[in-house]
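So the structure is just underneath, and the comments pick up after that.
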Amino acid sequence: MNKQQLKAYFMLMRLHRPIPILLILWPTLTALVLASHGLPDISYLVIFTIGVVVMRTVGCIINDIADVDFDKHVARTNTRPLTSGQLSIKNAIWLCISLTLVAFICVLFLNLYTILLSFVALFLAILYPFCKRFFAIPQLILGLAFNFGIFMAFSTIQNQIPVEAWIFYIATICWTIAYDTIYALADREFDLEIGIKSSAVLFGNKVFRYILLFNFLSLLLLIILGIYCDFNSFFYLGVVICSLFFVRNYFLYKKLGITNCINAFSANHWIGLIIFIIAVIQYI
């Protein structure tokens, strides 16, 4: 394997773009903190971090395999390794299988409940790339998939999925729909041309209102989570800071353009970090 092929595999796994990994990792780590009522065992932090990174790459590979013919028509994606012919579909499938096995080995260190949930997580990861063909809001499926680690974190620590896990899960789904709609704005013109469905297409000229709506719902659910868990004022201060980030992002993505939308999308990882920090503060 030469240097060019290694670079192609690196690009296929999106390791050069770590922001989506952080968008998955922060809610997962936050869930571990919430479930543990403090800092969790280091082994869980390691297992879940590896799991997030590996399953994110698996999702990217499945996505590129599913979209190989569509990506040729989109300026942002027509140079991807599979679309450009740097790697074959066969190469991608073998890498996907190998990484899935790595993720499954990690899960084997956890309890039976979490092992069973991992199959649901895999199903969602496979489903998302294909639902863009028939489901009007694929961002909802992405939200279910990206944040499923929340359930797995609670099942690992508590062997159950309590009410607070559901509240946090739904909050992060709303957040995901919002930030991935921003991301989809970058490709909306191309998606309309080739018939790909997205929330950015569905919401049309009201898209900015819907993004703000889902941001508001995520904040509201975080407040409900804070009340349910009897969190202190630092938690609500963090929620206020998150709302300021949402406002800042609004003025960025409202300008449209690929760069503005991608930058607004990427800034959401700071929101995930803030939520993680204020969750940790609750148990110090």
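Cβ coordinates are placed from backbone N, Cα and C, and glycine is handled just like the others.
Summarising the annotation, Swiss-Prot assigns transmembrane segment to 19-39, 42-62, 85-105, 107-127, 134-154, 165-185, 211-231, 233-253, 261-281.
Within the chain carrying the transmembrane segment (134-154), a Cβ under 8 angstroms from the stretch's Cβ atoms is held by residues 23-24, 27-28, 30-32, 34-35, 44, 48, 51-52, 59, 110, 114, 117-118, 120-121, 124-125, 127-128, 160-162, 165, 168-169, 172-177, 180-181, 184, 197-199, 202, all 6 or more beyond its ends.
Below 8 A, the CB atoms of the transmembrane segment (107-127) and the transmembrane segment (42-62) form 3+ pairs separated by six or more positions in the chain. For the transmembrane segment (165-185), same-chain residues at least 6 beyond its ends with a Cβ under 8 Å from one of its own Cβ atoms are 23, 27, 30-31, 34-35, 137, 139-140, 142-144, 146-147, 150-151, 154, 191, 198-201, 203, 207, 210-212, 214-215, 217-218, 221-222, 224-225, 228, 246, 249, 253, 256, 261-262, 264-265, 268, 271. With a cut-off of 8 Å between Cβ atoms, the residues of this chain six or more beyond the transmembrane segment (19-39) that come close are 45, 48-49, 52-53, 55-56, 146-147, 149-154, 156-158, 164-165, 168, 172, 176, 179, 229, 265-266, 268-269, 272-273, 275-276, 279-280, 283. Among residues of the same chain six or more beyond the transmembrane segment (261-281), those with a C-beta under 8 A of the stretch's C-beta atoms are 19, 22-23, 25-27, 29-30, 33-34, 39, 175, 179-180, 182-183, 185-186, 222, 231-232, 234-235, 237-239, 241-242, 245-246, 248-249, 252-253. Long-range neighbours of the transmembrane segment (42-62) within the same chain, counting only residues 6 or more positions beyond its ends whose Cβ lies under 8 Å from a Cβ of the stretch, are 12-15, 20-21, 24-25, 28-29, 32, 36, 92, 95-96, 99-100, 102-103, 106-107, 109-110, 121-122, 125-126, 128-129, 145, 149, 152-153, 156-157.
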